[in-house]
Amino acid sequence: MELHATTIFAVQHDGKAAMAGDGQVTLGESVVMKHTAKKVRRLFHDKVIAGFAGSVADAFTLFEKFEAKLNEYNGNLERASVELAQQWRSDSVLRKLEAMLIVMDKDTLLLVSGTGEVIEPDDGILAIGSGGNYALAAGRALKRHNGGQMEAKDIARHALEIASEICVFTNDHITVEEL
């Protein structure tokens with residue numbers, strides 16, 4: 001059985017960028033192994049935020065690879081993401097990794113997947129993991145209808161809270177990072 005980590009949400013709003021992740025790690029389909037995992041991290045001199053969903057061991061491998069690419073390309077988020085995606089897709093060992101990453105800096109928000117995809121959303125919102133669709137819907141509604149009264153970090157936190165009320169693989173122990 002593998003350990004899985006679940007929901008990550010990221011938003012760009014009013015010149016700020018925020019990412020939130022829940023703390024639940026699940027063994028298989030029925031056992032919660034940890035409630036306080038930190039799946040959102042600051043990288044490259046605190047200028048980049050990255051979050052993962054999927055197999056925990058695979059995600060740590062990808063974090064290391066991504067951080068190495070960030071350092072190699074002097075913090076250029078887009079270049080580091082494309083290079084990681086190319087390596088991930090072409091390397092026979094990396095190709096077996098079961099995780100996804102959301103990475104962001106103040107200006108750019110990207111989804112990086114093992115199929116070689118690097119996707120920048122049109123609306124400045126991304127979510128991944130088992131509760132991703134719930135968080136995405138909640139975040140879009142919050143940004144669209146309350147965006148004038150909320151900061152990016154608040155949208156991120158509330159989107160994850162709503163997802164945790166619906167998805168059994170997402171809890172309400174939420175980590176939020178903001179740029």
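Even glycines carry a Cβ here, placed using N, Cα and C.
Quick look at what Swiss-Prot lists:
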type: ACT_SITE; residues: Thr6; note: active site
type: BINDING; residues: Ser164, Cys167, Thr170; note: Na(+) binding site
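Structure coloured by features recorded in Swiss-Prot.
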{"residue": "Thr6", "record": "active site", "DSSP class": "coil"}
{"residue": "Ser164", "record": "Na(+) binding site", "DSSP class": "helix"}
{"residue": "Thr170", "record": "Na(+) binding site", "DSSP class": "coil"}
Same chain, 6+ residues apart, C-beta under 8 Å of the C-beta of the residue listed as 'active site', given in sequence order: Asp22, Gln24, Thr26, Ala53, Gly129, Ser130, Gly131, Cys167, Phe169, Thr170
Cβ neighbours of Ser164 (Na(+) binding site) where a neighbour is any other Cβ within 10 Å: 23
Cβ-centroid neighbourhood (8 Å) of the Na(+) site, Ser164, Cys167, Thr170 excluded: Thr6, Thr7, Asp22, Gln24, Ser130, Gly131, Tyr134, Ala135, Leu160, Ala163, Glu165, Ile166, Val168, Phe169, Asn171, Asp172
CB contacts for Thr170 (Na(+) binding site) [other CB atoms within 10 A, all chains]: 31
Other CB atoms, at most 10 A from the CB of Cys167 (Na(+) binding site): 21
